[in-house]
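Per TrEMBL, the features are:
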type	residues	note
TRANSMEM	31-52	transmembrane segment
DOMAIN	47-219	domain 'VWFA'
DOMAIN	245-335	domain 'Fibronectin type-III'
DOMAIN	336-427	domain 'Fibronectin type-III'
DOMAIN	428-516	domain 'Fibronectin type-III'
DOMAIN	602-692	domain 'Fibronectin type-III'
DOMAIN	694-784	domain 'Fibronectin type-III'
DOMAIN	895-1068	domain 'VWFA'
COMPBIAS	1252-1299	compositional bias 'Polar residues'
REGION	1252-1316	region 'Disordered'
COMPBIAS	1300-1316	compositional bias 'Low complexity'
Amino acid sequence: YLENDPFCIYVVVLDQICTPKVLRYSRCHSWTVTLLIYILWHIAIADIVILVDGSWSIGRLNFRLVRMFLENLVSAFSVGIDQTRIGLAQYSGDPRIEWHLNAFTTKDAVLDAVKNLPYKGGNTLTGLALTYILENSFKPESGSRSGVPKVGILITDGKSQDDVIPPAQSLRDAGIELFAIGVKNADENELRAIASEPDNTHVYNVADFSIMSSIIEGLTQIVCERVEEQDKEIKESAGQETQGAPQDLVTSEVTARSFRVSWSHAPGSVEKYRVVFYPATQGGRPEEAVVDGTENYVVLRYLNSLTEYQLAVFAVYTSSASEALRGSETTLALPMVNGLELYDVTHNTMRARWSGVQGISGYMVLYAPLTKDQASDEKEVPQPEGLTDLQLEDLTPATEYTVTVYAMYGEEASDPMSSQQTTLPLSPPKNLVFSEVDHNSAKLSWEAASRKVTGYRIMYVKTDGLKTDEVDVGPVTSWTLNDLTSATEYEVAIFGIYDEGQSEALSGSFTTGKNQSDSLRVEPNWKGKDITNMAISGDVDSFLLSGLSPNTEYEVMLQAVFKDQSESDAVLVVETTRERIMQLNSFSMHHTAVVQFMVRQAVRGLQVQEETTYSLEVSWQLEDPKVDQYRVTYVSLTGDRNEESVLVPGQQTTVLLQPLLSDTEHKVTVTPVYTDGQDGISVSSVGRTLPLSAPSNLRVSEEWFSRFRITWDTPPSPTLGFRVVYQPTSVPGSALETFVGDDVNTMLILNLQSDTEYTVKVISSYTTGSSQPLQGTAKTLYLGVTNLNTYQVMMSSMCVQWQPHRQADLYRVVIESLLNGQKQEVSVGGSASRQCFYDLTPNSQYKISVSTQLQDMEGPAVTTITTTPTDTTPPRHPLPTIPPAKEVCKAAKADLVFLVDGSWSIGDDNFQKIIRFLYSTTGSLDLIGPDGTQVAIAQFSDDARTEFKLNSYANKETLLDAIRRITYKGGNTKTGRAIKHVKESIFTSEGGVRRGVPKVLVVLTDGRSQDDVNKVSKEMQMEGYIIFAIGFADADYGELVNIASKPSDRHVFFVDDLDAVKKIEEQLITFVCEAATATTCHLPRDSGFRMMDMFGLVEKEYSNVEGVSLEPGSFNSFPCYRLHKDALTLTFFNYDYKGDFQTVTFDEPDIKKMFYGSFHKLHMAISKTTARVVVDCKVVGGKPINAAGNISIDGVEVLGRMVRSRGKRDNSAPFQIQMFDIICSTSWASRDKCCELPGLVRTTAFKPTIQTINRPTVNRPTVNNQQPTDQQSTTNRPITNRPTVNNQQPTDQQTNINRPTDQQPTDQQPADQPTI
């Protein structure tokens, strides 16, 4: 027993019960002891959260090594819902939970999650990540258990970009044991600041990712020790104090982003109060705040506005927590912007300003035109917190804009404040002047509008007329209007014409003058008579009509005739001549009539305006005191109503006509009615009522796969409600319709087809009818896959692949034969992107459809049609001639197996490249067959197929020809199953495997396996197989490392593609041939201890080494194994982790042969679950065992003793020890070549008189090529390699240990059973 030795030494004594006690742990995962071993791998229950740095500095290749490290780390623990729980978070710029402590209940599930851990990328904010796991991982809802030790393990490769000290301190204060692992550029001072004390056991710093595995053993050992200490401390501190829940939950100081929660203290000694809060809406993520037990309130901040939160307050005691005190509170709405004002408006700019809001992160300003054709031209401008004034530019002239301002609180926005303003029109011309006005022309003059004006548009109309004349002129400033009517008022509008459009009008009016007429034309008319025309001089203003008939009504029309022969409007007078007067006394008679008449006029400036949907306003001008009233008649021009009339007093010149039909032309006639009851001249005009007002500004939002929302602006006129009509644009059929009230201006339309454009109409409903529809289109989102295509199309199979939909829950994949209608249907997960179908008919057309499913929705099927070929045999590329053997391979003698990936992802072309690689590699070998290297090849996908066995070919020519004939298999990637196939079906005696030659396996794959590779690979490595792993394309480097033997730099190869395999071919061939040549004993041995050298047992016959006792009776609880004389068996026994005594017995034929004659080498390989026996470097058997219990530090190891020794006499059996080693690897027994043994001779005729005991790990050399004599072999020789002395064997005296007597037991007196 070396007290201060730096290694972990097992010290051996003889003990009465023959069970060893181990001084302290060895820093090995597992180890082989040539005599006996005891394994301790006990882990107390714990909650372990691993925090992994996923920043860009790691890199994808190194992150594979991190995954491999995590797999090995997780494998070291006993994972279960009632055992150790493991959670993991990954961080960079922001942390995220990969899985919680309660996410998985088995170790395999955790390992699968580690294998599929995605690389995150980003910055390195370690402090934020530490706070994140405290607030999210070590919580009851995340699986953290009270009264259970808690451990945090950080893995990082660099210095944090934020402060790590306060978050780390918070974790340690919460009772979490922190371990910090740094790689490459990690800051060791920072690691020390994070980790718990002491630093020498909690801080690890390695130079590169490739050597991270070297710290796993020490890390797991310390974690286990600290977990046990924590567990003890927790149990010791747990008392029977009074406990209970807090009371009287009160919320106050409620704002949009926070509120205060207070409560009455819980009884007893409360360490902390834990306040859990989450939004009441479905899917809200729980958060929590923790305060000291002396506090009775907390202010919850950074909440969502206008949200109801559920609350739960727990009192946390030393080893437990109380029931929850529950309640709820709703936050207020976020403060919004006030006082929005739009000012300084020009034709293309305006400014917006508003009152500032406190506590915001900034503002968001949105503005858009309100015109229908520009409704989607919305722009947004973010504003910093301090700026409340903004100029909006590049606006459209004469356009109404809506401006909306939001107060921003991080990613959350307040309610909006909106305002509308219209930009100014384009600059019109100025200062309209009329000159040179006569009876039929006028000159217009104005000031230019702008230098950018391209011309002007002049529009003019008689004041009482209906027809508008228009003329476009160039960029002039004057123009003369001709062919006007004399004595008539004209209204004129002049517009500036620009590239952008037309400006507002510059308006004015003038009246043409009266021209001196050459004559007046009078047309008297009466009933039954022709019209009489007469012309009179233009300079008179009265005329006497004579020759009229008495008592006759005449209409007299007077018109002015001008020099240019134009005529004025007619003036109409109606009058009746008097009766004839006769004077009889003088027999005389008047033949003329004295006319008294009243001039009757027509109204002027008749206008029909102010149109609405159901009324027209009529106005006119006439200054005639003799008019008593006006008769206004109106009738629709459609003829669907009779003419109606209304009388208006003479002093009134306007009237409102209602109710009228909407959107209908009406003829309106105004006739003056004079005081004598006669009508004046009637004047008519036409007006049109407006159509029924429709909604405006149709908007679409909240588009989803089966719905969208429409919103509209209501019309100014009161409505009964709105009809919403919608139907697919491209699908015929009846439209769907629904009705909403007049107070509704938005609607969520449900149950729609995905990826479909709909025509939507919104119609206002009135008492008198419906408005014109407000129409628009809206489209649902696409619920379907893209880039659907087939690949690997074979005669009886094909695969289909697609670009996944990011929202999909499932895909329904259907393949249908267009020949006979047969179908296959399968549902795959939402993350799937491919599916293969088998058992198809050659030369048949198939339709494959993929339908995307989301919740209860299914999108339209996406289809493709493909025809299976009649012959898909790929053309074989010519291979080179038989290559010569390489020098390094000329001494190679091994059983070499190539395991080739033949999955669909390889493809025909790449598979031919693999064939050429195999051809080249095997061609480099020298002698093929039983006397040289035997080669077998297996191809795998869903299952493995042996192409040929090790003993199939005995020369290079036939071997290479067989390689050329290998055909492509196709399928999925089940690498683990394939490796097991190689072990069980190829490396067998039937397959041609030979004893004593290296067994080499070369695995080629292009992707991650779809099953587990670790178990079978580890088993083969432990049994001495040499495994090379070659990966390309999408292969997982960490998986390759797990498959291959160690060291990885000799056994793992990775290239981007098969074209680059030439780069590694030479090195691979060299390493494979070196492995195939390694038939000597000089293999690199794993670390361990040469016990014979430690205690001087080689040089001294009866050496009393300090710390070594050869006397029985001192110790009583150590594992060992015993050889049974009568049954010829070997028994291993110890105490397991529960303290139960366990034994396993081996009685195979190879065990029994050790009782006779020859030297034998025995390995006992003890792992955590198995005891395995190897005799003469051949595996004899293995049996399961429970993990060993705790190993105390005051014990020793037992080499050998008599089981039934009695009395005070020392009856220890004499034996020679030639070799006694403890090897820190369970695979050493498989790799050992047993070259110390001169021969493997089974002596069946000789049976010694002394009971022969097992001689593990023994090779006794011969003396002059002779076997040892009977006298020499009568003692027990365990684990021995006996050296010669001057070419002579050592005597019994030289090699016996503790040999008190030479007397041997006789057959009549059974000997005690010796054990080793």
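Every residue, even glycine, has its Cβ placed from backbone N, Cα and C.
Looking at which of 47-219, 602-692, 694-784, 895-1068 has the most CB pairs under 8 Å to the domain 'Fibronectin type-III' (428-516), the answer is the stretch 602-692. Put simply, of 47-219, 336-427, 602-692, the stretch with the most CB pairs closer than 8 A to the domain 'VWFA' (895-1068) is 47-219.
If you take every residue in the domain 'Fibronectin type-III' (428-516) and average the pLDDT, you get 86. For the domain 'Fibronectin type-III' (694-784), the DSSP counts in helix, strand and coil order read 0 helix, 48 strand, 43 coil. In terms of DSSP helix, strand and coil, the domain 'Fibronectin type-III' (245-335) has 0 helix, 46 strand, 45 coil. Taking DSSP states H, G and I as helix and E and B as strand, the domain 'Fibronectin type-III' (336-427) has 3 helix, 47 strand, 42 coil.
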